[in-house]
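Heads up, the thing below is written out as structure tokens.
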Amino acid sequence: MAWSQRIEQALVKRRLDGQYRQRHPTGQADGRTLSVAGHNYLNFSANDYLGLSHDGRVVRAWQQGAERYGVGAGGSAHVTGYRAPQAELEHQLADWLGYRRALLFISGFAANQAVIAAMMAKNDRIFADKLCHASLLEAASLSPATLRRFGHNQPSALAKLLAAEGEGETLVVTEGIFSMDGDRAALKPIHQLARDRDGWLLVDDAHGVGVCGEQGRGSCWQQGVQPELLIVTFGKAFGVSGAALLCSDATAEYLLQFARHLIYSTAMPPAQACAIQAALGCVQQGDDLRQRLAANITRFRQGARGLRGQLASSDSAIQPLIVGDEQKVLGLARRLRDRRCWVTAIRPPTVPPGTSRLRITLSAAHRENDIDHLLEALHATDGE
């Protein structure tokens, strides 16, 4: 089969299955609104949970950082790309989250891939929640370790898998708050199970850090758990981009020697690190923002009662409305756009077959009347 035939067949099948993805260039966008093709919408698809992407303190920090350090790092952190703002940010993150070290990555995807690729060896075992992010599952499947997936958020299922004897090291992988369902991992029993097997726990808390726990320290802090490997990202509640791994001194030094995503990639721009430092300050002092977000979540869930779709059991900013069929959820998303609500339809392979959904995300930037407008639109389109 020629390359062109393979590509065309894959695209045709993706269209026929109702799973074809498209991008929509947006104009002005923030945690509350966005514009597409000249039309303005209330934005219920962003991960800007605290509305910090347009916060003046964060924007000015990036501008001032760019004026001082330029707009790029100019090289790998192992060459000339590691500057004072990145070093300061790593120290601040480690101190804030109670770890010895933090290492910056250009994205959460890169952090997850780098850690698993560098840490795992033949005969090792990875036990991952079935609904973990694609970056985690892909890295695990490509590693030399054996991957076993346990039932979503089921410590008992994990315990059964862990009971089998193995030769190498054990790594348990989960998320703090799951990106497509919005529910929280049972971190305490999961961590205890890993420790009982002399294993380590890796938690990707992309959707928890900033929005839960004291000072927004995240899911692990909230549940009183300190995993051996903690990934936090800055593209959600922090409103910026990038990620960090929190770990021990020895683990950090090991990854600086063996994590190819760190060694062979241009480092995070110093100006970006300046913006993240400013966002960190906003997060630490952001109890009012978290209270506003919590109020918006409560308002939405109370008003969503009676909708025909299945509203997932979630108290996080991620509020999935399960519709099931791909074409139905696409039609519902279009009808919501007609009412000036931008809500993204999520379909397989991102979510399991038969669970296509509207992934509704809420922000502290939303106003009460924004939530009410969305609810009115959902109820109006529910039977169409």
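Backbone N, Cα and C atoms are what each Cβ position is placed from, and that goes for glycine too.
Cross-referencing S179, S265 with the pyridoxal 5'-phosphate binding residues that Swiss-Prot gives (G108, F109, H207, T233) picks out S179. When the binding-site residues R21, H133, T350 are compared by Cα distance to T233 (pyridoxal 5'-phosphate binding site), the shortest distance belongs to H133. Closest to S179 (pyridoxal 5'-phosphate binding site) in space, going by CA atoms and restricting to the recorded positions H133, K236, T350, is H133.
In sequence order, K236 are the recorded positions from R21, H133, K236, T350 with a C-alpha within 10 Å of the C-alpha of H207 (pyridoxal 5'-phosphate binding site).
Across the binding-site residues listed here (R21, H207), the residue whose Cβ sits among the most other Cβ atoms within 10 Å is H207.
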